[in-house]
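Student: Under the heading repeat 'LRR 1', Swiss-Prot lists 37-58. Under the heading repeat 'LRR 2', Swiss-Prot lists 59-80. Look at Swiss-Prot and you will find 103-124 tagged as repeat 'LRR 4'. What Swiss-Prot records for S308, S413, S500, S530, S763 is phosphoserine. Here Swiss-Prot flags 506-529, 715-769 as region 'Disordered'. The compositional bias 'Basic and acidic residues' feature in Swiss-Prot is assigned to 508-527, 741-760. What Swiss-Prot lists as phosphothreonine is T542. Feature annotation from Swiss-Prot assigns compositional bias 'Polar residues' to 725-738.
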Amino acid sequence: MAVARVDAALPPGEGSVVNWSGQGLQKLGPNLPCEADIHTLILDKNQIIKLENLEKCKRLIQLSVANNRLVRMMGVAKLTLLRVLNLPHNSIGCVEGLKELVHLEWLNLAGNNLKAMEQINSCTALQHLDLSDNNISQIGDLSKLVSLKTLLLHGNIITSLRMAPAYLPRSLAILSLAENEIRDLNEISFLASLTELEQLSIMNNPCVMATPSIPGFDYRPYIVSWCLNLRVLDGYVISQKESLKAEWLYSQGKGRAYRPGQHIQLVQYLATVCPLTSTLGLQTAEDAKLEKILSKQRFHQRQLMNQSQNEELSPLVPVETRASLIPEHSSPVQDCQISQESEPVIQVNSWVGINSNDDQLFAVKNNFPASVHTTRYSRNDLHLEDIQTDEDKLNCSLLSSESTFMPVASGLSPLSPTVELRLQGINLGLEDDGVADESVKGLESQVLDKEEEQPLWAANENSVQMMRSEINTEVNEKAGLLPCPEPTIISAILKDDNHSLTFFPESTEQKQSDIKKPENTQPENKETISQATSEKLPMILTQRSVALGQDKVALQKLNDAATKLQACWRGFYARNYNPQAKDVRYEIRLRRMQEHIVCLTDEIRRLRKERDEERIKKFVQEEAFRFLWNQVRSLQVWQQTVDQRLSSWHTDVPPISSTLVPSKHPLFTQSQESSCDQNADWFIASDVAPQEKSLPEFPDSGFHSSLTEQVHSLQHSLDFEKSSTEGSESSIMGNSIDTVRYGKESDLGDVSEEHGEWNKESSNNEQDNSLLEQYLTSVQQLEDADERTNFDTETRDSKLHIACFPVQLDTLSDGASVDESHGISPPLQGEISQTQENSKLNAEVQGQQPECDSTFQLLHVGVTV
């Protein structure tokens with residue numbers, strides 16, 4: 001158990017303070033060392049779960065058990081003398097044990113788990129009640145707490161204020177409803193019964209929070225229109241413009257025409273009459289009108305103040321009293337304070353009343369002595385004061401507390417009238433020109449009075465008119481225009497002397513000596529009086545004229561200086577703080593920027609268009625070059641193909657004729673020449689014939705061949721061979737038939753296939769020829785072996801071979817014609833050479849056939865594989 005620590009000792013009879021905060025206490029045991037005279041017990045920041053064994057502290061007045069783990073508060077039931085109970089930030093679920101605490105004045109249950117406001121009505125002496133940051137959903141019955149001044153309910157889940165007129169006491173001055181769930185702004189109408197409410201907080205509720213669907217509006221004038229005596233709303237002092245707007249909403253507008261449930265309609269109306277300004281100090285047309293009204297109100301207040309001063313100083317006093325008061329230089333502020341203490345003060349309304357002066361700027365108040373702080377001038381139960389501006393409201397500093405908002409200190413004195421005139425002269429100059437001239441004149445007159453050490457009443461218009469009338473009477477009397485009794489002249493002279501003291505302090509001693517003589521000694525006769533009067537009248541007139549001239553010159557200089565200062569200040573203020581001037585400058589900048597952006601955009605578009613055109617031109621040129629290059633390549637290929645065909649045609653014709661037909665057969669040679677001529681004619685005709693569908697429009701590249709061309713070429717070659725065989729049939733039949741060997745009709749297909757392969761592999765002729773020679777030699781050897789065994793059978797079938805000879809000859813002629821049409825001669829030449837070699841081998845093997853003809857040896861090469 002921690003030991004109690006005595007922090008401070010009170011005087012005898014008042015007890016002491018025990019602070020056990022932060023000691024890690026979990027419970028209060030029965031051996032609690034509590035003295036009988038302890039009046040304050042602090043148990044903050046421990047781990048106490050239950051309040052027990054506090055009966056020993058019977059005289060306990062203040063108990064604080066903040067930031068613990070309390071679940072119940074029944075342990076305070078026997079502390080009947082308790083006045084302050086601080087139990088915030090615990091886990092208390094319900095209010096209990098307060099029925100006997102009739103002396104309780106201050107109760108803090110913030111930050112707990114309360115769901116209802118129960119059993120608090122018994123604490124009739126309660127003045128401060130903090131139930132913030134709980135789970136309270138509706139206002140409970142507090143009507144019996146007639147002394148309650150402060151009720152803090154922020155941070156709960158209250159949705160309606162419908163029960164406020166019945167449950168809340170009329171004496172309530174501070175009410176905090178911030179951070180709740182009030183969704184209808186019309187609920188504020190239920191607070192109209194709280195006539196003494198001065199401070200209200202309703203911020204961070206859904207009804208006043210900005211949403212994208214609802215236009216911005218200023219809810220402050222609407223709340224003030226229901227709570228007429230409200231001075232502070234959401235931590236800011238109610239300004240005079242807001243008060244005027246609230247009065248307009250109450251009297252002429254539709255502020256009270258809406259009922260609970262019409263939140264959207266109310267918000268739309270407030271958005272039109274009380275729009276929300278986004279910039280600080282931004283004034284709309286309505287704000288300008290309100291400022292003019294307030295400036296005129298201030299001007300009339302000053303007029304009433306001057307009239308009250310003049311009427312207080314207007315009664316004539318004896319010469320001795322006036323002479324004795326002038327050298328003392330009594331300030332008008334002291335006179336006003338005396339009049340304020342002697343006469344009663346009555347509040348006129350909410351915005352020109354006694355309460356609004358308490359909300360002045362504290363920093364300005366603290367810069368001046370307390371003896372000068374006053375702005376109240378009363379006459380005939382009329383209270384006058386200066387109006388607070390919006391700048392004062394925005395710059396005011398409020399005292400913060402644990403409950404978000406606390407009352408503003410109202411005991412401070414307001415500003416003095418002279419200081420108020422100096423401070424507000426500049427502001428009035430910015431609002432209204434007419435009022436500005438009056439304020440500048442008042443400021444200049446104050447400076448002049450300070451330099452010449454004359455009191456404030458000497459500068460009033462009434463006193464100046466009085467002095468002018470006195471001077472006129474003196475001049476008229478001297479000129480004999482108006483008969484005037486001698487006492488009047490004496491009084492006028494004395495008054496002028498008294499006034500001249502204020503304008504010429506360097507001649508004070510002389511004037512005082514002149515004044516003391518008539519005071520101490522009574523004039524003996526009329527002659528001495530008239531003599532003194534005749535001596536002083538010229539001097540008084542000259543001094544008065546000089547004084548008036550000096551006043552005019554000095555006043556003109558001050559006016560010029562003030563005009564220059566005011567012009568400079570107005571220019572600076574307009575450029576930096578006037579919303580219209582700032583908007584105009586901003587608009588000019590935006591226009592220039594927009595013009596520059598448009599110019600740059602046009603330039604970029606022009607450059608982009610030129611770039612696109614250049615790109616299109618370049619693309620067209622590339623396509624044209626590509627097309628021309630393809631044309632050139634196709635022409636080159638076509639030219640090569642034509643040259644190759646022509647060369648092959650010229651080179652292939654003689655070997656074929658010399659190989660196939662011997663020179664001793666003139667008939668075959670002539671027929672071959674005629675067939676060659678026909679073939680050449682067919683070659684030329686085939687290039688031009690339109691009916692050949694396989695030919696492309698472009699010249700043949702030489703890399704492809706169509707089947708139709710082969711078919712036509714075969715047909716022409718067959719016709720040629722038919723004509724050739726008819727002429728040489730007799731010579732062929734005369735040769736030996738035994739040397740000619742053809743197997744079957746299938747050999748013809750093999751020969752045609754070999755010719756097709758040779759046509760495809762024309763580029764590798766030499767390699768193919770060598771391989772073909774090896775292959776044919778091997779095949780020929782095998783066939784020779786077979787021929788030796790089947791020689792007898794071959795002789796029997798010689799007739800069959802003779803019958804098949806024309807067909808074989810036609811086939812060979814077809815192959816030769818195909819080679820001629822396509823211009824491929826090397827394979828045919830290789831075939832002829834190979835057949836010659838094979839015929840030599842056959843001659844060696846078959847020695848009994850010497851009469852074999854070379855032509856038939858060529859035909860003998862067609863071997864079946």
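Positions of Cβ are set from backbone N, Cα and C atoms, glycine also.
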Student: Restricting to the repeat 'LRR 2' (59-80), what is the model's mean pLDDT?
Tutor: 91
Student: Could you break down the residues of the repeat 'LRR 4' (103-124) into DSSP helix, strand and coil, giving a count for each?
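Tutor: Within the repeat 'LRR 4' (103-124) the tally stands at 0 helix, 3 strand, 19 coil.
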Student: Which state, by DSSP, holds S308 (phosphoserine): helix, strand or coil?
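Tutor: The residue in question, S308 (phosphoserine), is helix (DSSP, three-state).
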Student: Count the residues of the repeat 'LRR 2' (59-80) that DSSP assigns to helix (H, G, I), to strand (E, B) and to coil, and report the three numbers in that order.
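Tutor: Helix/strand/coil tally for the repeat 'LRR 2' (59-80): 3 helix, 3 strand, 16 coil.
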Student: Based on DSSP, tally up the residues of the repeat 'LRR 1' (37-58) by helix, strand and coil.
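Tutor: Each residue of the repeat 'LRR 1' (37-58) counted once, the result is 0 helix, 5 strand, 17 coil.
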